[in-house]
Amino acid sequence: MIDLVFPDGSSRQYPDGATGRDVAAAISKSLEKKALLIKLDGQVLDLDRRLTPDLLTGERKFEILTREAPEALDTIRHDTAHVLAEAVQELFPGTQVTIGPNVEDGFYYDFARDEPFSLDDLEKIEKRMKEIVDRDEKITREVWDRNEAIAHFDGIGEQYKAQIIRDLPDTDTITVYRQGNWKDLCRGPHLPSTKHVGKAFKLTKLAGAYWRGDQNNAQLQRIYGTAWASEADLEAHLKRIEEAEKRDHRKLGKTMDLFHIQEEGKGMVFWHPKGWALYRVLEDYMRRRLDAAGYKEVKTPQILDRSLWEKSGHAEKFGHAMFMCESAEGEVLAVKPMNCPGHIQIFNVGQKSYRELPLRMAEFGACHRYEPSGAMHGIMRVRAFTQDDAHIFCREEQVTEESARFIELLRSVYNDLGMTLADTKFSTRPELRAGTDETWDKAEAALAAAAEAAGETLTLQPGEGAFYGPKLEFSLKDAIGRVWQCGTLQLDFVLPERLDAEYVSEDGSKKRPVMLHRAILGSFERFIGILLENFAGALPVWLAPTQVVVATITSDADDYAREVVEKLTKLGMRAELDLRNEKINYKIREHSLAKVPVIAVVGRKEAETGQLALRRLGGEGQSVLSLEEALRVLKSDATPPDVARALAVQEAVTA
């Protein structure tokens with residue numbers, strides 16, 4: 001008999017060789033009908049998988065998964081990819097299938113076919129997919145002999161599947177899933193039949209790809225799709241996509257005249273005056289926050305000798321993404337992909353005492369990394385970017401306090417920028433790692449304690465830490481519910497060893513500092529893209545590249561409008577003057593499309609009475625204020641939140 005432990009802690013016995021379906025049926029007929037998968041000791045398995053001794057080596061924690069389970073959605077998406085592949089091969093004989101994994105919110109499948117797919121083809125494929133769902137084809141798992149599997153796929157012209165099997169370790173079990181008469185190499189798990197996939201799916205786009213991501217290999221055609229547990233979920237997702245397209249930072253960058261990227265500088269941002277104004281406002285804000293938090297700003301070289309990157313380990317780990325060149329004198333130089341080795345060089349100049357720690361070193365460091373052309377995306381994924389990078393050199397006993405301080409700073413920055421901290425992931429020791437278990441125990445405990453002290457709930461990611469230390473990853477949720485991973489806190493006890501960083505301890509001995517790598521924005525370019533999409537371009541007044549446009553109704557108000565702009569500029573505001581001989585409604589529409597937060601309308605009446613008519617972006621109507629009151633209101637709106645807090649404290653002290 002088999003003992004299984006259920007989520008409520010109860011234990012029940014079942015006959016040897018029972019399947020998940022047998023267990024569900026023994027509980028209730030209704031559960032048997034709803035059951036799609038099982039989970040045994042954290043592993044998701046087919047509903048009809050027999051519970052054999054090789055699966056029952058753990059605690060035997062058992063769960064029956066229905067359509068509502070998050071794990072079921074992953075399988076629905078993967079099964080939809082299989083239905084897609086079957087539909088393609090039915091409609092386009094001779095097409096080879098390669099791989100079809102899940103991605104965020106959906107899936108893709110790569111196909112080898114000489115003639116490219118068209119958007120019309122997607123409609124035909126989607127229709128055939130729904131027919132396959134209606135057929136209710138049974139899905140079964142089969143274990144095959146390796147050589148027989150290779151011979152089978154070679155025999156039907158599926159060279160990519162045969163190659164995948166050849167490349168698998170000899171110890172791997174070869175499993176093929178049969179879906180009606182169609183077969184595919186797959187580890188599983190899968191749903192019991194195609195009807196359980198449902199019809200809450202949609203094919204979304206076509207793209208090119210290379211076999212195994214290598215541009216030297218054959219080019220493939222990729223079909224992307226999304227799939228959900230219900231039609232309502234699909235509809236909500238499609239609405240989010242529609243909204244995301246409206247907010248696309250690439251479109252906003254053009255309409256707001258912020259930046260562009262061109263063929264001669266792939267992945268390199270050309271910042272226009274307004275875009276650079278936004279960049280500098282964000283940079284100045286971050287500089288003030290870091291200054292107030294006790295960081296010292298530094299600047300390190302863009303190009304360093306390859307030998308330093310070899311010593312640090314980056315040449316080995318990141319060499320494929322580094323830009324290198326050889327000088328006329330034979331030096332091999334590398335453009336820096338990150339700032340940490342340079343910061344250790346500064347730390348190593350002069351003897352450091354334990355009294356000087358923690359030492360918080362910050363740099364708005366321009367970095368360059370090679371990204372394949374197909375992977376780049378606007379200013380969110382580029383080859384040249386600037387990190388809000390900092391490294392904290394501290395003693396072991398200071399790690400928890402410094403980490404907690406950083407988390408508080410990060411949370412405050414996100415709040416100021418109108419973003420919500422959604423999730424904090426905690427990545428622990430991987431199998432391949434440097435350092436002793438005792439060192440890792442201390443490091444993981446320190447980060448966990450810091451997160452707890454800062455009130456953060458952690459999502460555990462076992463084994464996902466870097467080889468040199470555990471890390472925290474901080475994700476934001478934007479206005480339409482998308483999650484963006486931005487901030488990081490990485491504990492490193494390897495790089496100080498590699499680059500010989502040390503300090504004199506209290507007892508006079510020399511010790512290695514612990515190094516905390518940390519970033520809040522991640523990169524300025526990507527974070528500006530996130531801000532633009534979060535606010536749909538309608539940035540808060542303090543961040544907006546142009547804060548106010550003073551637009552005239554008539555030329556009689558030109559002199560007054562110039563006076564207003566001069567006063568706004570003296571207050572430190574980014575103000576523009578629009579004296580064009582155009583109708584005021586045309587001017588308002590144009591500046592609204594450019595996402596200017598405030599338009600100050602002036603005509604003969606406002607000029608004569610010394611007033612301003614303020615129109616807010618997205619608001620209805622306008623408010624008419626005296627010039628003095630309008631300047632006060634606009635100055636208040638344009639004051640960065642950290643400056644406003646400092647002024648409030650100053651006023652409270654002097655009151």
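Just so you know, glycine gets a Cβ as well, placed from its N, Cα and C.
Remember, it's a predicted structure, so these values are computed and weren't measured experimentally.
So that you can see what the record holds, here are the features copied from Swiss-Prot:
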- C340, H391, H517: Zn(2+) binding site (BINDING)
- 1-66: domain 'TGS' (DOMAIN)
- 248-540: region 'Catalytic' (REGION)
* Structure fact -> When the binding-site residues H391, H517 are compared by other Cβ atoms within 10 Å, fewest goes to H517
* **List of residues, in chain order, with Cβ under 8 A from that of C340 (Zn(2+) binding site) and at least 6 apart** => S312, D389, H391, D492, L495, M515, H517
* CB-centroid shell, 8 A cutoff, Zn(2+) site C340, H391, H517, site residues removed -> M338, N339, H343, D389, A390, Q490, D492, L495, M515, L516, R518
* H517 (Zn(2+) binding site): secondary structure state under DSSP, collapsed to three categories -> strand
* Taking DSSP three-state, what's C340 (Zn(2+) binding site) in: helix, strand or coil? -> helix
* Over the span of the domain 'TGS' (1-66), count residues by DSSP class, listing helix, strand and coil in order. => 17 helix, 23 strand, 26 coil
* Within the predicted model, mean pLDDT of the domain 'TGS' (1-66) -> 91
